[in-house]
Amino acid sequence: MTSPSNPKHPKGLYFLFFSEMWERFGYYLMIGIFFLYMIDAQRGGLALDKGLASDIFGTFIAFVYLTPFIGGLLADRVLGYRLSITVGGILMGLGYCGLALKGDLAFYVSLGLIIVGNGFFKPNISTLLGNIYSQEKYRPLKDTGYNIFYMGINVGAFICNFVAAYMRNNFGWGYAFITAGIGMFVGVIIFWLGNRHYQGADVRKPVQPNDMPISRIMGIVMLPAFLAGLAGWLLIPGNVFGSDSTDAFIFGALPIVFYYISLWVRASATDKKPIAALLAIFAVVVVFWAIFKQNGTALTTWAEYYTDRELPASVEKPAQTLGMVQRVGTEEKTVPAYDSMFRTQTDAAGKVITKQGVEPYLNNLNRAEWPVSGQQLSLISTEIFQSINPFFVVILTPVVVSFFGFLRRRGKEPSTPAKIGWGLFITALSTLVMVGAVYAGDNGADKSSGWWLVGTYAVVTVGELFLSPMGLSLVSKLSPPRLTALMMGGWFLATSIGNKLSGVLASMWDTYDHKANFFYVNCGLTLVAALAILLMMRWLREIVQQYSEK
């Protein structure tokens with residue numbers, strides 16, 4: 001694999017690589033502890049029910065990826081990419097730090113800053129990367145460049161959870177969130193240090209006669225989206241899709257979805273086919289994100305309550321030095337009032353009801369394995385499991401890049417749509433690994449080995465590497481030049497809808513008495529999406545071959 005500093009790639013890749021690495025360090029540090037912070041009723045967390053926490057988590061990560069629609073549009077037409085990236089990074093850094101403050105107002109304002117900031121940052125750094133590969137000599141390296149960039153994302157995502165564990169175990173939740181903010185500010189500084197290498201790629205696209213003015217987009221897209229979301233939250237009696245936030249999100253997203261469809265309807269004959277292909281891909285990858293993003297909810301729940309997290313004596317001391325260790329003993333304390341399946345009861349305010357008892361971790365641990373009185377078990381912190389996926393991304397990215405390079409030299413490399421289809425199929429297989437974990441732990445009656453989670457993350461990472469960087473590359477290849485950032489926003493809109501669906505699926509966790517059925521549903525959804533890609537394969541391949549050489 002070519003390294004970021006290899007002169008075969010544009011020099012701007014080096015700075016964008018590390019800017020994105022630090023931005024993702026901050027984001028995934030926050031995400032790694034966000035669900036745990038919300039359900040924590042013992043150490044200063046919000047003491048929320050898992051269903052409500054999953055709903056908030058899904059809604060948050062949905063809006064995080066919905067705002068790139070407007071962020072990409074403003075960058076394309078008004079602000080430019082570098083200013084948008086800078087503003088977005090600063091807002092996110094302030095939002096992470098704000099989560100250290102107590103109170104509902106600070107909590108929701110901070111989440112809002114992160115959501116808006118990501119809208120300015122996320123689509124535009126990906127677009128800027130694509131622009132620096134627009135020269136003819138760099139064009140064949142674009143897929144590899146996106147793979148390298150994607151590895152930078154995951155270097156930050158891997159490191160952050162170790163830092164999160166150290167900060168929250170030793171200093172508390174607030175200091176961990178502040179650390180995320182510092183990481184974001186470092187990313188902004190690195191981005192501006194490399195300014196001269198992508199200054200020429202920061203070109204605002206000329207508006208075409210068929211393009212809708214921003215004022216009109218605000219009036220017929222964003223305002224209806226806001227009003228529809230408000231109606232979904234306040235005016236609909238009961239719930240249509242399970243919760244007020246889900247209703248609000250779905251109704252609010254519909255005008256934006258219709259806007260993207262209108263781009264295809266109003267497109268010129270030249271642009272119609274590539275836009276149609278992108279919209280088809282966007283629709284299918286929603287399912288991938290719905291499954292993949294359960295790492296912060298359902299898989300974190302499995303790691304917290306159903307996984308044997310006891311550290312071997314040989315690694316306990318270095319793990320303690322790194323702040324990765326949680327300790328549990330048999331002394332009674334205030335704990336959530338879980339039933340045998342770790343389901344909680346809540347009071348009228350939605351807070352988890354507590355009782356006096358032993359640490360919940362011991363509830364499904366054989367009593368013969370409990371620590372003797374006065375001693376404690378040493379457990380690896382739950383969020384460390386979320387570093388498994390980025391670890392495998394860093395390790396497997398060179399393998400996947402080399403594998404596709406090997407096939408390319410022999411004229412057998414799959415098309416980009418085929419790679420996405422394979423990614424969906426492999427993701428479906430990862431859910432079956434978790435079915436094995438459920439049966440190994442007798443449906444949660446006993447702890448299952450942590451290796452089941454390692455295996456799940458290993459398989460889904462291969463699926464991710466086949467799909468996610470390829471999707472970003474495909475948007476860059478097929479988008480009409482003046483709509484590149486806007487179509488990148490469409491990719492993140494699909495991610496947003498998938499993220500919300502992940503929260504909806506995860507919020508149903510407690511309704512499944514047998515947890516294998518939860519993962520069977522995930523598997524079925526992903527296989528349907530893979531089949532949809534297969535049925536469209538010839539059409540998609542023809543469009544990619546015709547339009548990707550721009």
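The backbone N, Cα and C atoms fix where each Cβ goes, and this holds for glycine too.
These come from TrEMBL:
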- 21-39: transmembrane segment (TRANSMEM)
- 51-74: transmembrane segment (TRANSMEM)
- 81-101: transmembrane segment (TRANSMEM)
- 107-125: transmembrane segment (TRANSMEM)
- 146-167: transmembrane segment (TRANSMEM)
- 173-193: transmembrane segment (TRANSMEM)
- 248-267: transmembrane segment (TRANSMEM)
- 274-292: transmembrane segment (TRANSMEM)
- 388-408: transmembrane segment (TRANSMEM)
- 420-439: transmembrane segment (TRANSMEM)
- 451-472: transmembrane segment (TRANSMEM)
- 484-506: transmembrane segment (TRANSMEM)
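Within its own chain, the transmembrane segment (248-267) has Cβ neighbours under 8 Å at 59, 62-63, 66, 69, 210, 212, 217, 220-222, 224-226, 228-233, 240-241, 275-276, 279, 282, 480, 483, 486, 490, 493, 496-497, 500, counting only residues six or more beyond its boundaries. Taking pairs at least six residues apart, the transmembrane segment (388-408) and the transmembrane segment (451-472) share three or more Cβ pairs below 8 Å and count as touching. Spatially, the transmembrane segment (81-101) is adjacent to the transmembrane segment (173-193); three or more Cβ-Cβ distances between them are under 8 Å for residues at least 6 apart in sequence. Within the same chain, the transmembrane segment (274-292) stays apart from the transmembrane segment (146-167): fewer than three Cβ pairs sit under 8 Å, each pair at least 6 residues apart.
Taking residue pairs at least 6 apart in sequence, the transmembrane segment (107-125) and the transmembrane segment (21-39) share three or more C-beta contacts under 8 angstroms. Under 8 Å from some Cβ of the transmembrane segment (451-472) lie the Cβ atoms of residues 126, 130, 143, 146-147, 149-150, 281, 285, 288, 291-292, 295, 299, 302-303, 307, 385, 388-389, 392-393, 396-397, 400, 416, 419-420, 422-427, 429-431, 433-434, 436-437, 440, 488, 491, all in the same chain and six or more residues away from its ends.
Non-local neighbours of the transmembrane segment (484-506) in the same chain are 54-59, 61-66, 68-73, 75-76, 81, 122-124, 126-127, 130-131, 205, 241-242, 246, 249-250, 253, 256-257, 260, 263, 275, 278-279, 281-283, 285-294, 297-298, 301, 471-472, 475-476, 478, 518, 521-522; each lies 6+ residues outside the stretch with a CB under 8 Å from one of its CB atoms. Taking pairs at least six residues apart, the transmembrane segment (146-167) and the transmembrane segment (107-125) share fewer than three Cβ pairs below 8 Å and do not count as touching.
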